[in-house]
Amino acid sequence: MEPFGIALTTLALFVSFGFMVGVLFGFFGMGGSFLVTPALLVMGYPARVAVGSGMAFVFGTATIATLKHRDLGQVDYKLGGLMIVGTTSGIEVGSRVVYYLEELGLASGAIGVTYVVLLGAVGLFVTRNALVNDDGDDSDDNHHESDEEFDPDAIPPLAKRIQSYRIPPMMTVAGGIQVSLWLILAVAFATGLLSGFLGVGGGFIKMPAMVYLIGVPVPVAVGTDLFEIVFSGGFGAFTYGLNGGVDLSIVAPLLVGSALGARIGSAATSVVDEDDIKIYFGLMLVGGSIAVAFRQAGDYLGMDALNTVSFALILLSAFMVSGAVIYSTIRTMRAEARASAPSAD
Amino acid sequence: MIDFTASSSAVQSGALVGAVLLEAVVLYVGYGALERVATPIVEKITRA
């Protein structure tokens with residue numbers, strides 16, 4: 001039996017893989033291009049179809065996750081709009097840097113090394129920061145149900161310093177935080193520059209940038225990042241669609257799984273402790289960094305086996321982190337249910 | 001002169017993106033209904 005023109009086993013694989021990616025995407029606001037495109041390439045799809053269908057999948061999943069985050073009051077549209085303007089300009093400059101490095105014959109090596117170092121560094125920074133915070137704060141009251149007023153003590157020191165530069169016009173972002181419009185645009189431009197340089201969606205840069213540089217609460221940073229991805233993913237899918245790069249028989253079953261996963265992942269951000277989110281995010285990036293290092297080494301040495309190891313590592317870290325997210329959500333819900341039980345008597 | 005080939009591929013691509021958006025919205029609404037039904041059951045299990 002071949003519904004949608006693909007085998008039933010492949011269909012089941014797409015739905016379950018989509019579910020796993022959806023959980024990560026809804027929870028972190030990243031992971032689409034990181035996971036889906038390499039998976040489709042490994043399955044033997046041409047690069048154009050793998051990238052184009054990956055983009056269309058990211059667009060659909062980001063739409064679902066954004067709708068869920070909107071229901072939870074975790075999308076800052078004003079900040080999202082400004083981030084779109086800043087990142088778009090940054091991507092343009094970043095891609096020009098790549099063309100220049102290509103002329104010098106340095107593009108491949110420079111991009112590969114920057115990608116590995118950046119993934120690893122951001123991952124280690126986020127994990128370390130969350131572990132330090134976790135030691136200092138044992139309360140379980142560290143997650144955000146909606147756009148409630150944000151605890152000023154929870155704002156990272158770097159964000160506090162950025163907020164202290166009061167260059168007009170000032171604007172208020174999620175949690176009542178006041179930041180200069182120019183500083184938001186500068187942060188967005190810098191993340192776009194890296195995104196354009198590396199040729200990736202850049203959720204792994206934008207989410208921590210919003211948290212650590214602007215001071216936005218983690219769930220709002222995830223929701224706002226996803227809101228941005230709806231536009232970039234939609235535009236990317238349209239561009240690839242012009243050249244026949246979007247295959248609906250791939251995108252449709254992946255979306256069936258990711259729609260459920262994204263709902264669960266998005267809802268989990270308001271259940272799981274904020275520092276736990278950061279720890280999982282950091283570990284996911286460190287795993288990704290090791291995997292990308294293997295892929296770069298495989299390309300450099302011409303060893304296909306290393307590319308397979310790289311993909312297996314990405315898949316393994318994604319599977320473990322999405323499992324940990326679901327486990328942590330259930331554990332928190334059970335603890336909350338137990339805590340509220342005596343007062344109900 | 002208007003390039004009809006280019007405009008037809010743009011329409012096709014736009015329709016593809018529209019189809020993905022429609023599927024996403026339908027799935028969001030569908031799973032939302034499922035969530036309303038399943039939430040009491042999940043809460044019962046987590047309290048167990």
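Backbone N, Cα and C atoms are what each Cβ position is placed from, and that goes for glycine too.
According to TrEMBL, the transmembrane segment annotation covers A:6-28 (among others).
If you look up TrEMBL, you'll see A:49-67 (among others) marked as transmembrane segment.
Residues or ranges marked as transmembrane segment by TrEMBL: A:106-126 (among others). Panel annotation: around the transmembrane segment (A:106-126), residues 98, 194, 197-200, 204-205, 208, 278-279, 281-290, 292-293, 296, 299-300 of the same chain, lying at least six beyond its termini, place a Cβ under 8 Å from a Cβ of the stretch.
The transmembrane segment feature in TrEMBL is assigned to A:179-200 (among others).
Sequence annotations record features per position, and here TrEMBL assigns transmembrane segment to A:212-238 (among others).
Packing against the transmembrane segment (A:250-272) from elsewhere in the chain are residues 4, 6, 11, 14-28, 36, 40, 45, 49, 53, 56-57, 60-61, 64-65, 68-69, 72, 74, 143-146, 218-219, 222-223, 226, 322, 325-326, 328-329, 332-333: each is 6 or more residues past its ends and has a CB under 8 Å from a CB in it. Per TrEMBL, the feature transmembrane segment maps to A:250-272 (among others).
What TrEMBL lists as transmembrane segment is A:279-297 (among others). For the transmembrane segment (A:279-297), same-chain residues at least 6 beyond its ends with a Cβ under 8 Å from one of its own Cβ atoms are 24, 27-28, 31, 34, 112-113, 115-117, 119-120, 122-128, 130-131, 134, 204, 207-208, 303, 306-307, 309-311, 313-314, 316-318, 320-321, 324-325, 328.
The transmembrane segment feature in TrEMBL is assigned to A:309-330 (among others).
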